[in-house]
């Protein structure tokens, strides 16, 4: 079995240099992605077209030289077979958001092999085509974040409907969380069975909660997801919150092997706080990629210097790469990581 | 001189109970505000109409019973006399954003009594009409946040133009920051001369910076603003960052008397970290106001209990109140603060 840099770093095993990948690396900043997407039609069509989804997943490996490829999909696709009608215009919209206890009772928890068969097919094909050059990363949305979308019917600035549900009817909210948690466990285990060698849980909206509410409404279900996953000690689990700087100690206690950081946290400070418990992934400000390659190189070096030379760090942006970034700038970032992080 | 609760708490002097006010308390959630605004026409017209601006400023005092009233204005109005053409549709837009060194050189730093005479007139009239029942609060945007709007030409998700300016051309960015700092000092001193009894600096977008960049691009100029203000020890200065949980120690060192918190931070934890240096303002999740009055009361009590009974806490929301909040819910919050915080 190849000792992939990414998996070694996630488990804090010795590495020759720091591995690097980028959230949303298969994305619109790449002309090659835009060409493939045009063939697929819309975004959801691309997610469900196995051949084209594999094609875009592999593009950053061949073009940018990242150390891992991540399943091309969306955190909301597994909600479709639960009974929610999803579309993208281009932001995600559910035609039938959850409005009542009956709506929540009616949610199904299907077998992912029947509900989202394309996800398994993509992962299996990816493993063949990647030829073990790098690991294949799977992912899912965390239960609270999925609940936000399902209750609001899409994105939101305040999530006031979702929060009102949790504040005023916690038992009903917890029933929803239980169903989403069961679904997420079987969905991620299906990904692992299909070949995912690392998994990341995105808890995009958990950062909008104060620490007490995170403890009440998020932590127990995330911990249950991690406890329910196959491959403990073999398939590293990463947990990412955008805007989670106030929740880092809690994130480190969920059972995650890797805590994904946005760019607000100082990597050196966070290493001192939770680096003895988990590996860390991050955390360059994505806006740095709009600066000149010289600036990009110096900012990469700053972050690598904050970590030092021991294992346990995976380089990444603190958030998804923006569609307007020049791919040459991302290449400069990846090259700098590879150059400056050699042990 | 009346010993106002708000000013006493800001300076950690003995208080009979915790004072409370709310960011954006003169706002669209109040039917009375909407009626006055309809008379004024557009938002900017209301900011410049002295009588009507005073009217909306006083509404939350009479209707809600807050312990302070805050000048009705916008952080961007003082950029108009600098040469930037401002409108609201309804988000702020500058018709001529800063694009070159010449644009920055051409910015004027006018006498606020000539540039924004309506602000002084509003404050003077407010002091008369408030009749010393509560203090009158002035405010300004912080230099970095103003720079973001002036460079982007309005709001932005990423602030990539502004950040590129700072990353790639720091000397030019600092020239802009110097001008905005000079303007902000004279603008706030003009407010103090016109009757403001406390001032708050809003650094809305500084939270989008990592700690190193905050140190490089924000801190020195905020500290310069506070050092340049009149009334040290008499007119408390509050400094608020939305999404500033990762910057609290730095905020406490700017020279602010009060650090304004969003709702992400746990008040008890923050008190232990920086409560020996500054007073704290905040920090209820604004979404709690969408919950039932019973829930609102219990959440208010949780926050008050975290602080305890010593002085140095000003109750507020962690962000501006939303336009869809029922005013009765805000009254329930204010009543709970007054009931539960009695010493």
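Start at 1 and count along the chain as shown; that gives each residue its number.
Using N, Cα and C of the backbone, Cβ positions are placed for all residues, glycine too.
Curation plays no part in TrEMBL annotations; they are all automatic predictions.
Among A:313, A:319, the residue that TrEMBL places alongside A:24, A:25, A:26, A:27, A:28, A:74, A:149, A:204 at the substrate binding site is A:319.
The residues of the domain 'Uroporphyrinogen decarboxylase (URO-D)' (A:137-153), classed with DSSP into helix (H, G, I), strand (E, B) and coil, number 10 helix, 5 strand, 2 coil. Within its own chain, the domain 'Uroporphyrinogen decarboxylase (URO-D)' (A:19-28) is flanked in space by residues 4-6, 8-9, 34, 37, 56-57, 59-60, 64, 66-70, 72, 137, 240, 314-317, 319-321, 323, 330, 333-334, 337-338, which lie at least six positions past its ends and keep a Cβ under 8 Å from the stretch. Taking the Cβ of residue A:149 (substrate binding site) as reference, residues of its chain lying under 8 Å away and at least six apart in sequence are, in sequence order, A:76, A:79, A:92, A:94, A:141, A:155. Residues A:24, A:25, A:26, A:27, A:28, A:74, A:149, A:204, A:319 are listed as the substrate binders, and the farthest two of them sit 23 Å apart at their Cα atoms. Taking the Cβ of residue A:26 (substrate binding site) as reference, residues of its chain lying under 8 Å away and at least six apart in sequence are, in sequence order, A:33, A:56, A:57, A:59, A:60, A:69, A:70, A:72. In this structure, the C-alpha atom of residue A:319 (substrate binding site) lies 15 angstrom from that of residue A:74 (site 'Transition state stabilizer'). Cβ neighbour count within 10 Å across all protein chains ranks A:319 highest among the recorded positions A:24, A:28, A:74, A:319.
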